[in-house]
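According to TrEMBL, the features are:
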TRANSMEM  12-36  transmembrane segment
TRANSMEM  57-76  transmembrane segment
TRANSMEM  82-99  transmembrane segment
TRANSMEM  106-128  transmembrane segment
TRANSMEM  140-159  transmembrane segment
TRANSMEM  180-199  transmembrane segment
TRANSMEM  211-230  transmembrane segment
TRANSMEM  250-267  transmembrane segment
DOMAIN    309-354  domain 'PDZ'
Amino acid sequence: MGTVLLELVKGLGYIFIHPLTYVAVAFCVLLGYVRVKQERKHFHVRAHDGWFEFREFFTPISIGAGVILSAVLLLLGPVLPLSWLLVTTSVMLLTVLSFRYEIASMAYVVPFAALMIYTLNQGVISNLPSWLEVSEGTTVYWTALFGLMSILLLVEGILIRSKASKATSPRTIVSKRGQVVGVHHSKRLWFLPLIFLVPTGPISDSTWWPIIHLGETAFHIVGVPLVLGFHKKIKARYAKEAINFIGKQLVALSILAIGLVPVAYFLPVTVPYLFGLIVALRLILQYGHFKIEQTKPFFYTKKMKGLQVLGVVPNSPADKMEIVPGEVLSKVNGIPVKNERELYEAIQKNAAHCKIEVFDLNGEIRKVQRALYEGEHHQLGVFVLEETKSYSNAEVS
């Protein structure tokens with residue numbers, strides 16, 4: 001037992017020498033830098049610090065999911081080909097480098113890697129390297145891959161609901177009608193460590209690679225870093241609700257996929273069609289959100305009844321008064337506000353205490369108040385849509 005645990009620890013260690021881990025970490029830092037730069041360009045202040053995306057990369061949800069899934073894989077014993085692990089991490093690496101994380105869904109990455117391996121093993125390339133070959137137990141491999149994709153898709157949906165919907169980044173753009181409007185971006189990477197059993201073969205002669213024996217069969221223990229990604233630009237809906245809805249849809253899709261795993265197990269010939277079904281449904285969902293964003297009017301626009309909040313700086317007075325993006329500041333200290341200058345002047349009327357009338361997301365008025373202290377944000381810590389200052393910095397829609 002002690003030997004097995006030692007080999008597991010050694011296998012886990014290979015996660016931290018895989019280049020994907022460090023490339024993903026570097027791009028998380030880059031994501032934070034780009035976000036902070038854009039927020040300061042549009043609003044002269046940033047919301048979260050530049051290390052926010054790095055901290056979110058190692059979120060307990062994804063790491064915990066990786067630990068649980070690794071334990072399940074080791075206990076149930078599904079064996080995956082080394083070729084798929086290498087190709088999948090290579091595809092993930094290219095996805096991370098592309099900066100296009102809307103294609104980083106497990107509904108795309110896993111089937112694409114499986115398709116590549118299958119195609120390569122059909123004689124497309126002569127003298128195929130041994131580590132790319134899949135010869136024995138092929139149908140078992142594809143069934144295991146479909147099951148793995150189903151679980152990873154569930155984790156992806158949970159992460160989107162719990163993480164991507166929070167702390168979205170506000171920006172301003174110029175609409176086709178020449179109006180300055182607001183949009184929200186959510187762009188994340190998440191780290192999910194996994195341990196697989198791989199049949200001995202191409203790396204059998206490597207004495208330094210962890211090996212365990214189950215009965216008369218030997219397996220390599222391979223630690224692999226998986227990277228899940230998400231990117232969405234929301235302009236026609238309340239960002240948190242829109243992204244939550246996307247997460248719910250992916251959870252539902254994953255449940256459907258999990259329900260199809262027995263079909264894949266008993267009828268392995270259906271696996272390619274099941275992969276195709278999940279990919280098609282994921283594309284339909286993505287296209288549906290695209291159409292909503294293209295056809296519905298902008299959600300973050302100038303309001304006649306006040307000044308709309310695009311974002312809130314964490315731990316600021318506005319945050320502590322539970323003001324959220326999408327709400328409208330109607331009156332501050334009894335003074336109606338329609339722009340940034342009026343907001344500042346209204347706050348200065350009573351610099352020690354602030355009373356605000358807010359229209360919430362349901363259009364209902366509520367009143368909040370709080371004492372203000374020296375050194376706090378001079379505009380309560382809200383990002384607002386200020387047309388007179390935003391034309392030079394706003395992006396073109």
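These residue numbers are counts, starting from 1, taken along the chain as shown.
Cβ coordinates are placed from backbone N, Cα and C, and glycine is handled just like the others.
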Handout entry: Segment confidence, the domain 'PDZ' (309-354), expressed as mean pLDDT
Key = 92
Handout entry: Within the domain 'PDZ' (309-354), residues counted as helix, strand or coil by DSSP
Key = 14 helix, 13 strand, 19 coil
